[in-house]
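Record features (TrEMBL):
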DOMAIN    21-220  domain 'Cryptochrome/DNA photolyase FAD-binding'
BINDING   Phe21, Asp121, Ala122, Asp123  FAD binding site
SITE      Trp55  site 'Electron transfer via tryptophanyl radical'
SITE      Trp108  site 'Electron transfer via tryptophanyl radical'
SITE      Trp131  site 'Electron transfer via tryptophanyl radical'
Amino acid sequence: MACERADTDRAGTVEKGVWAFLREVGWRDFAGHLLAMIPDLPDQPMRPQFQSFPWGENEDHLRAWQRGQTGYPIVDAGMRELWHTGFMHNRVRMITASFLIKHLMIDWRQGERWFWDTLVDADLANNSMGWQWVAGSGPDASPYFRIFNPITQGQRFDPEGQYVRRYVPELADLPAEYIHAPWEAPPMILQAAGVSLGQSYPHPMIDHRKARARRWRVMRK
């Protein structure tokens, strides 16, 4: 009823916010029903073709992702926010999950467990369905060819870099045009911002285009 009143009495942003909230409630309920019908949802892919998927096992890559040291600012900001606050915006959850699964080729269950251990709003049904959605193995899942570009995602959803500056303070003095791809900044800009790639902030741990091409090759086999 409160949602209906807000929708009726106000317009614009509030109306959009109400419907966004209702959509998320619908997803939550759907996840709950899904888990009730498929108890092994947290452990087994729903789509059988993912049972034998050739996931990589790289503990160093997993640890870098967990610690927010991937070299991709929007990913690192999200993972650091998660560690320090126990929360992460839904958009950034998708970006970080996609990076682990599709860039690093690490089993979605590794990420699922990390979110379960660190999120204050962790929910078994939502968490399981969300990770399977990103992996492509769940119901109505994200298609295999949808691979989030962490650079353009950051530029689109954090254009001024405020989110990155907050959680990745070593990049705080970079101009907005370089904050989501600091390796593209000229040496003088990096020096003025106090950024030393490979020392104060890591180089990208994997090239986006190469990771994208590798994922496509594997999925087409």
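Counting begins at 1 with the first residue displayed.
Yeah, the Cβs are placed from backbone N, Cα and C, and that goes for glycine too.
Recorded features from TrEMBL, shown on the structure.
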| residue | record | Cβ contacts under 8 Å, 6 or more apart |
| --- | --- | --- |
| Trp55 | site 'Electron transfer via tryptophanyl radical' | Met105, Ile106, Asp107 |
| Trp108 | site 'Electron transfer via tryptophanyl radical' | Ala97, Leu100, Ile101, Trp131, Gln132, Val134, Ala135, Ser137 |
| Asp121 | FAD binding site | Gly86, Phe87 |
| Ala122 | FAD binding site | Phe115, Trp116 |
| Asp123 | FAD binding site | Arg28, Ala31 |
Entry from the recorded positions list Phe21, Trp131 having the most other CB atoms no farther than 10 A: Trp131
Reported mean pLDDT - the domain 'Cryptochrome/DNA photolyase FAD-binding' (21-220): 93
For Asp123 (FAD binding site): DSSP state (helix, strand, coil): coil
Extent of the FAD binding site in Å [max Cα distance among Phe21, Asp121, Ala122, Asp123]: 17
Structural state of Trp55 (site 'Electron transfer via tryptophanyl radical'), classified by DSSP into three states: coil
